[in-house]
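As recorded in TrEMBL, the features of this protein are as follows:
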BINDING   G79, P80, E81, S82, S83, G84, K85, T86  ATP binding site
DOMAIN    49-208  domain 'RecA family profile 1'
DOMAIN    213-290  domain 'RecA family profile 2'
Amino acid sequence: MAKKPKKLDEISKKFGAEREKALNDALKLIEKDFGKGSIMRLGERAEQKVQVMSSGSLALDIALGSGGYPKGRIIEIYGPESSGKTTVALHAVAQAQKEGGIAAFIDAEHALDPAYAAALGVNIDELLLSQPDSGEQGLEIAGKLIDSGAVDLVVVDSVAALVPRAEIDGDIGDSHVGLQARMMSQAMRKLGASINKTKTIAIFINQLREKVGVMFGNPETTPGGRALKFYASVRLDVRGSTQIKGTGDQKDTNVGKETKIKVVKNKVAPPFKEAFVEIMYGEGISKTGELLKIASDLDIIKKAGAWYSYKDEKIGQGSENAKKYLADNPEIFDEIDHQVRVQFGLIDGEEASVEGVETKKDDVVQADSVNEEVTLDLGDELEIEIEE
């Protein structure tokens, strides 16, 4: 291939330098007009990895791929009635408070049960609660909380219950085509940037409706228009399935239900993963149950017949006894939980173990007493022996 003529090279360099200068001038002008940080090269950002907050469920954290809900993003949780949508959201509220954050709950349905929320671990004395009179009021309150930058999590329950003011003022039977969709579209446009800037997690709970006249395909849809679908970084489909029977005296009583949570949209990790959790009535998601199942599948907890064992120590005969052992021993629970998260890559593993590293006694510098000075030759390799 023929070389470029020297003159063409010089022209390219000249114009390249001029373009670089023009770009730098434009960047300075933009920062002067709109403030520092209004534009930057992506590699200059201090935090490039998406920060997350645990969902409060190990199985859901794994399904989400990133270890929890991404901060500064919009989450939509939808599903049929009594499928566990609010329960999933309340676990997120409890987790936010556990991590020292502030959570707010916009109860548009006016149906929040404080006793149930407390049973799930929510500190109801610290939870900010609003029961708005209209959809605009609820979204405006959510917007002001997000703009403050002091709130870590905002839950709106639910989008379907956000009734536009015009519909409230009108009569039953009046036609209000597209009012709610326009309201939600405007709210998404206004809140999207603020949510990202303040690193607030916004969870919108939604209901299901059915399209009329659909012959083929899924007739299910969510109310509130399409804006929320587009702006949401994560969408979760929550569906209850098999009922869970009790044991002993409650063997004929339904004490909970197995629930499938499908990640139908995910902008921060691969989508379409599923989490299977046990939602126990009055208690919420069974954390010991999901940990026992996942740890058994990974062979962290060994199962032989009906017996479960951890580190060669039997922890219970049957799943119920094993769950009770984990609940009664939080240190063991946390230890197994940590191992599971490391295996799925949700958190970084511990520092590399020094086990198996061979050292020669002559190469190790030791001090006979605490106050004894040791002179080291920095030109040589240094190894330190730590005696346990």
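Glycine is treated like the rest: Cβ placed from N, Cα and C.
Curation does not apply to TrEMBL; its annotations are automatic.
Predicted-model confidence for the domain 'RecA family profile 2' (213-290) is 93, expressed as mean pLDDT. Around the Cβ of P80 (ATP binding site), 14 further Cβ atoms fall within 10 Å across all displayed protein chains. Note on the binding-site residues S82, S83, T86: the fewest other CB atoms within 10 A surround the CB of S82. One way to see the shell of the ATP site is to take the Cβ centroid of G79, P80, E81, S82, S83, G84, K85, T86; the remaining same-chain residues with a Cβ within 8 Å of it are V238, R239, G240. All protein chains considered, the CB of G79 (ATP binding site) has 24 other CB atoms within 10 Å. For E81 (ATP binding site), the same-chain residues that are 6 or more apart in sequence and have a Cβ closer than 8 Å to its Cβ are Q207. K85 (ATP binding site) counts 25 other C-beta atoms within 10 Å of its own C-beta, drawing on all protein chains shown. Its own atom aside, the Cβ of G84 (ATP binding site) has 24 Cβ atoms within 10 angstroms in the protein chains shown.
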